[in-house]
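Residues or ranges marked as transmembrane segment in TrEMBL: 21-39, 70-90, 111-137, 157-175, 182-201, 227-247.
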Amino acid sequence: MNSFISYFKKEIMEGIRNYKFLILALGFIIFALLDPLMLKLLPNILESQAPGLDLSQLTNYNQVGAIQSYMSNLFQIGNLVLVLTLMGLLSEEIKNKTLIIPYSNKANITGIVLAKYVVYSIAIIIITFIAFSINYYYSKLLFPDETISILRVSKSIIILSMYFLFNLSLILFTSSLFKKGILAGIFSLSIIYLIPTIGIIEKAVKFTPYYLVKQSSILVGDYSDSLINSILFTIIYMIILISLTIYRMHKVELK
(Lines of atoms letter the chains of each structure in order from A; the text may use other names.)
(Lines give C-alpha, C1' and ligand atoms only; values in the text may rest on other atoms or scores of the structure.)
Protein backbone atom coordinates (compact mmCIF):
# COMPACT_ATOMS: atom_id res chain seq x y z
CA MET A 1 0.00 0.00 0.00
CA ASN A 2 2.88 2.37 0.84
CA SER A 3 4.45 1.69 -2.57
CA PHE A 4 1.18 2.50 -4.30
CA ILE A 5 0.71 5.80 -2.45
CA SER A 6 4.34 6.85 -2.95
CA TYR A 7 4.32 6.07 -6.66
CA PHE A 8 0.87 7.56 -7.08
CA LYS A 9 2.23 10.89 -5.86
CA LYS A 10 5.43 10.41 -7.87
CA GLU A 11 3.53 9.76 -11.12
CA ILE A 12 1.42 12.87 -10.62
CA MET A 13 4.57 14.96 -10.17
CA GLU A 14 6.25 13.26 -13.15
CA GLY A 15 3.20 13.82 -15.31
CA ILE A 16 3.20 17.52 -14.46
CA ARG A 17 6.96 17.99 -14.75
CA ASN A 18 7.25 16.15 -18.07
CA TYR A 19 4.09 17.81 -19.46
CA LYS A 20 2.44 14.43 -20.08
CA PHE A 21 -0.92 15.59 -18.74
CA LEU A 22 -0.66 18.77 -20.80
CA ILE A 23 0.22 16.91 -24.01
CA LEU A 24 -2.66 14.48 -23.55
CA ALA A 25 -5.06 17.34 -22.87
CA LEU A 26 -3.93 19.34 -25.89
CA GLY A 27 -4.10 16.29 -28.16
CA PHE A 28 -7.72 15.68 -27.22
CA ILE A 29 -8.96 19.24 -26.77
CA ILE A 30 -7.44 20.92 -29.84
CA PHE A 31 -9.31 18.56 -32.14
CA ALA A 32 -12.46 18.99 -30.05
CA LEU A 33 -12.35 22.63 -31.15
CA LEU A 34 -10.97 22.27 -34.66
CA ASP A 35 -13.14 19.40 -35.88
CA PRO A 36 -16.56 21.14 -35.81
CA LEU A 37 -14.98 24.36 -37.06
CA MET A 38 -13.50 22.60 -40.09
CA LEU A 39 -16.84 20.92 -40.82
CA LYS A 40 -18.48 24.34 -40.73
CA LEU A 41 -15.90 26.10 -42.90
CA LEU A 42 -15.03 23.32 -45.35
CA PRO A 43 -18.07 23.80 -47.66
CA ASN A 44 -17.34 27.53 -47.97
CA ILE A 45 -13.66 26.88 -48.66
CA LEU A 46 -14.42 24.28 -51.33
CA GLU A 47 -17.12 26.43 -52.89
CA SER A 48 -14.72 29.34 -53.29
CA GLN A 49 -12.09 27.08 -54.84
CA ALA A 50 -14.41 24.98 -57.03
CA PRO A 51 -17.65 26.80 -57.92
CA GLY A 52 -20.43 24.50 -59.08
CA LEU A 53 -19.15 21.51 -57.13
CA ASP A 54 -21.91 19.48 -55.44
CA LEU A 55 -21.41 20.10 -51.73
CA SER A 56 -24.78 18.89 -50.51
CA GLN A 57 -23.28 16.09 -48.42
CA LEU A 58 -20.93 18.50 -46.67
CA THR A 59 -23.65 21.00 -45.82
CA ASN A 60 -25.96 18.45 -44.19
CA TYR A 61 -23.96 18.18 -40.97
CA ASN A 62 -25.69 18.66 -37.62
CA GLN A 63 -24.45 18.38 -34.05
CA VAL A 64 -24.68 14.59 -34.07
CA GLY A 65 -22.59 14.37 -37.23
CA ALA A 66 -20.03 16.81 -35.83
CA ILE A 67 -19.59 14.82 -32.63
CA GLN A 68 -19.37 11.54 -34.55
CA SER A 69 -16.72 13.08 -36.79
CA TYR A 70 -14.70 14.06 -33.71
CA MET A 71 -15.02 10.52 -32.35
CA SER A 72 -13.75 9.09 -35.62
CA ASN A 73 -10.75 11.42 -35.66
CA LEU A 74 -10.10 10.79 -31.98
CA PHE A 75 -9.64 7.09 -32.69
CA GLN A 76 -6.80 7.98 -35.06
CA ILE A 77 -5.26 11.05 -33.43
CA GLY A 78 -6.18 10.33 -29.80
CA ASN A 79 -4.57 6.90 -29.84
CA LEU A 80 -1.46 8.31 -31.48
CA VAL A 81 -1.13 11.01 -28.82
CA LEU A 82 -1.82 8.49 -26.07
CA VAL A 83 0.83 6.04 -27.26
CA LEU A 84 3.54 8.60 -28.05
CA THR A 85 3.06 10.28 -24.68
CA LEU A 86 2.96 7.18 -22.49
CA MET A 87 5.02 4.59 -24.37
CA GLY A 88 7.96 5.11 -21.99
CA LEU A 89 6.02 4.65 -18.74
CA LEU A 90 8.00 1.56 -17.73
CA SER A 91 10.58 1.20 -20.49
CA GLU A 92 12.29 4.47 -19.53
CA GLU A 93 12.50 3.37 -15.90
CA ILE A 94 13.95 0.02 -16.98
CA LYS A 95 16.42 1.68 -19.34
CA ASN A 96 17.52 4.36 -16.85
CA LYS A 97 17.57 1.84 -13.98
CA THR A 98 15.56 4.17 -11.76
CA LEU A 99 13.81 1.15 -10.25
CA ILE A 100 16.99 -0.32 -8.74
CA ILE A 101 16.60 1.50 -5.42
CA PRO A 102 12.87 0.74 -5.02
CA TYR A 103 13.54 -2.90 -5.93
CA SER A 104 16.44 -3.04 -3.45
CA ASN A 105 14.19 -1.64 -0.74
CA LYS A 106 11.65 -4.41 -1.42
CA ALA A 107 9.09 -2.01 -2.87
CA ASN A 108 5.80 -3.59 -3.84
CA ILE A 109 5.98 -4.06 -7.62
CA THR A 110 2.23 -4.45 -7.86
CA GLY A 111 1.78 -1.09 -6.14
CA ILE A 112 4.20 0.60 -8.57
CA VAL A 113 2.43 -0.74 -11.67
CA LEU A 114 -1.06 -0.02 -10.32
CA ALA A 115 -0.07 3.52 -9.32
CA LYS A 116 1.00 4.29 -12.87
CA TYR A 117 -2.16 2.81 -14.29
CA VAL A 118 -4.51 4.56 -11.87
CA VAL A 119 -2.90 7.99 -12.28
CA TYR A 120 -3.18 7.98 -16.05
CA SER A 121 -6.59 6.32 -15.99
CA ILE A 122 -7.89 9.24 -13.95
CA ALA A 123 -6.16 11.68 -16.30
CA ILE A 124 -7.63 10.03 -19.40
CA ILE A 125 -11.16 9.99 -17.99
CA ILE A 126 -11.01 13.65 -16.93
CA ILE A 127 -9.44 14.80 -20.21
CA THR A 128 -11.94 12.81 -22.29
CA PHE A 129 -14.88 14.34 -20.44
CA ILE A 130 -13.47 17.86 -20.77
CA ALA A 131 -12.69 17.41 -24.48
CA PHE A 132 -16.13 16.04 -25.30
CA SER A 133 -17.86 18.71 -23.24
CA ILE A 134 -16.02 21.35 -25.25
CA ASN A 135 -16.83 19.56 -28.50
CA TYR A 136 -20.48 19.18 -27.49
CA TYR A 137 -21.08 22.85 -26.71
CA TYR A 138 -18.96 24.14 -29.59
CA SER A 139 -20.69 21.88 -32.14
CA LYS A 140 -24.04 22.91 -30.66
CA LEU A 141 -23.09 26.54 -31.24
CA LEU A 142 -22.02 25.93 -34.85
CA PHE A 143 -24.80 23.45 -35.69
CA PRO A 144 -27.85 24.55 -33.64
CA ASP A 145 -30.27 22.35 -35.61
CA GLU A 146 -31.07 18.81 -34.46
CA THR A 147 -29.12 18.93 -31.20
CA ILE A 148 -28.85 16.06 -28.72
CA SER A 149 -28.77 15.96 -24.94
CA ILE A 150 -25.51 16.08 -23.01
CA LEU A 151 -26.72 13.02 -21.08
CA ARG A 152 -26.65 10.86 -24.22
CA VAL A 153 -23.20 12.15 -25.11
CA SER A 154 -22.03 11.43 -21.55
CA LYS A 155 -22.97 7.77 -21.97
CA SER A 156 -20.87 7.59 -25.12
CA ILE A 157 -17.99 9.30 -23.32
CA ILE A 158 -18.05 6.63 -20.62
CA ILE A 159 -17.99 3.87 -23.25
CA LEU A 160 -15.13 5.52 -25.15
CA SER A 161 -13.18 6.14 -21.94
CA MET A 162 -13.35 2.42 -21.24
CA TYR A 163 -11.75 1.81 -24.64
CA PHE A 164 -8.91 4.23 -23.90
CA LEU A 165 -8.33 2.58 -20.52
CA PHE A 166 -7.84 -0.72 -22.32
CA ASN A 167 -5.28 0.93 -24.59
CA LEU A 168 -3.52 2.32 -21.52
CA SER A 169 -3.20 -1.20 -20.08
CA LEU A 170 -1.82 -2.35 -23.44
CA ILE A 171 0.72 0.49 -23.53
CA LEU A 172 1.79 -0.26 -19.96
CA PHE A 173 2.31 -3.93 -20.81
CA THR A 174 4.30 -3.30 -23.99
CA SER A 175 6.35 -0.69 -22.15
CA SER A 176 7.41 -3.41 -19.71
CA LEU A 177 8.66 -5.59 -22.58
CA PHE A 178 11.12 -3.16 -24.15
CA LYS A 179 13.89 -0.88 -22.92
CA LYS A 180 13.17 1.54 -25.76
CA GLY A 181 9.89 3.38 -25.57
CA ILE A 182 9.67 3.73 -29.35
CA LEU A 183 9.52 -0.06 -29.72
CA ALA A 184 6.72 -0.22 -27.17
CA GLY A 185 4.96 2.55 -29.07
CA ILE A 186 5.22 0.83 -32.44
CA PHE A 187 4.04 -2.47 -30.96
CA SER A 188 1.10 -0.80 -29.20
CA LEU A 189 -0.01 1.17 -32.25
CA SER A 190 0.22 -1.92 -34.43
CA ILE A 191 -2.15 -3.80 -32.13
CA ILE A 192 -4.51 -0.83 -31.67
CA TYR A 193 -4.86 -0.22 -35.40
CA LEU A 194 -5.04 -3.93 -36.29
CA ILE A 195 -7.84 -4.79 -33.85
CA PRO A 196 -10.51 -3.07 -36.03
CA THR A 197 -9.67 -5.47 -38.87
CA ILE A 198 -11.36 -8.17 -36.79
CA GLY A 199 -14.52 -6.29 -37.75
CA ILE A 200 -14.66 -8.29 -40.97
CA ILE A 201 -15.85 -11.14 -38.75
CA GLU A 202 -19.10 -9.72 -37.42
CA LYS A 203 -19.45 -12.06 -34.44
CA ALA A 204 -15.82 -11.68 -33.38
CA VAL A 205 -15.74 -7.87 -33.29
CA LYS A 206 -18.29 -7.86 -30.46
CA PHE A 207 -15.65 -9.37 -28.19
CA THR A 208 -13.01 -6.74 -28.97
CA PRO A 209 -12.41 -3.37 -27.27
CA TYR A 210 -12.89 -1.67 -30.64
CA TYR A 211 -16.57 -2.56 -30.46
CA LEU A 212 -16.79 0.08 -27.73
CA VAL A 213 -15.67 2.70 -30.26
CA LYS A 214 -18.37 1.64 -32.69
CA GLN A 215 -21.05 1.70 -30.00
CA SER A 216 -19.95 5.04 -28.56
CA SER A 217 -20.61 6.68 -31.93
CA ILE A 218 -24.29 5.71 -31.73
CA LEU A 219 -25.77 8.98 -30.51
CA VAL A 220 -29.31 8.35 -31.74
CA GLY A 221 -31.20 5.14 -31.00
CA ASP A 222 -30.35 2.20 -28.77
CA TYR A 223 -26.99 0.59 -28.17
CA SER A 224 -26.45 -3.01 -29.22
CA ASP A 225 -27.42 -5.79 -26.82
CA SER A 226 -23.83 -7.00 -27.16
CA LEU A 227 -22.40 -3.84 -25.59
CA ILE A 228 -22.44 -5.23 -22.04
CA ASN A 229 -20.55 -8.33 -23.17
CA SER A 230 -17.98 -6.15 -24.92
CA ILE A 231 -17.49 -4.07 -21.76
CA LEU A 232 -17.06 -7.20 -19.63
CA PHE A 233 -14.54 -8.71 -22.04
CA THR A 234 -12.65 -5.41 -22.20
CA ILE A 235 -12.39 -5.36 -18.41
CA ILE A 236 -11.10 -8.94 -18.48
CA TYR A 237 -8.50 -7.98 -21.11
CA MET A 238 -7.37 -5.06 -18.95
CA ILE A 239 -7.00 -7.27 -15.88
CA ILE A 240 -4.98 -9.79 -17.89
CA LEU A 241 -2.68 -7.12 -19.35
CA ILE A 242 -2.08 -5.46 -15.99
CA SER A 243 -1.41 -8.87 -14.39
CA LEU A 244 1.06 -9.70 -17.16
CA THR A 245 2.74 -6.33 -16.64
CA ILE A 246 3.15 -7.01 -12.92
CA TYR A 247 4.51 -10.49 -13.67
CA ARG A 248 6.93 -9.06 -16.22
CA MET A 249 8.17 -6.37 -13.81
CA HIS A 250 8.90 -9.06 -11.22
CA LYS A 251 11.14 -10.80 -13.77
CA VAL A 252 12.82 -7.80 -15.36
CA GLU A 253 16.60 -7.49 -15.07
CA LEU A 254 17.71 -4.02 -13.99
CA LYS A 255 21.45 -4.60 -13.69
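Using N, Cα and C of the backbone, Cβ positions are placed for all residues, glycine too.
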Leading contact stretch, 111-137, 157-175, 182-201, 227-247 vs the transmembrane segment (70-90) - CB distance under 8 Å: 157-175
Recorded stretch that, among 21-39, 111-137, 182-201, has the most CB pairs under 8 Å to the transmembrane segment (227-247): 111-137
When counting Cβ pairs under 8 Å to the transmembrane segment (21-39), the leader among 111-137, 157-175, 182-201: 111-137
Non-local residues, at least 6 beyond the ends, that sit with Cβ under 8 Å of the transmembrane segment (111-137): 1-8, 10-12, 15, 20-21, 24-25, 28-29, 31-33, 35-36, 63, 66-67, 70, 74, 82, 86, 89-90, 99, 102, 150, 153-154, 156-157, 160-161, 164-165, 168-169, 172, 242, 245-246, 249
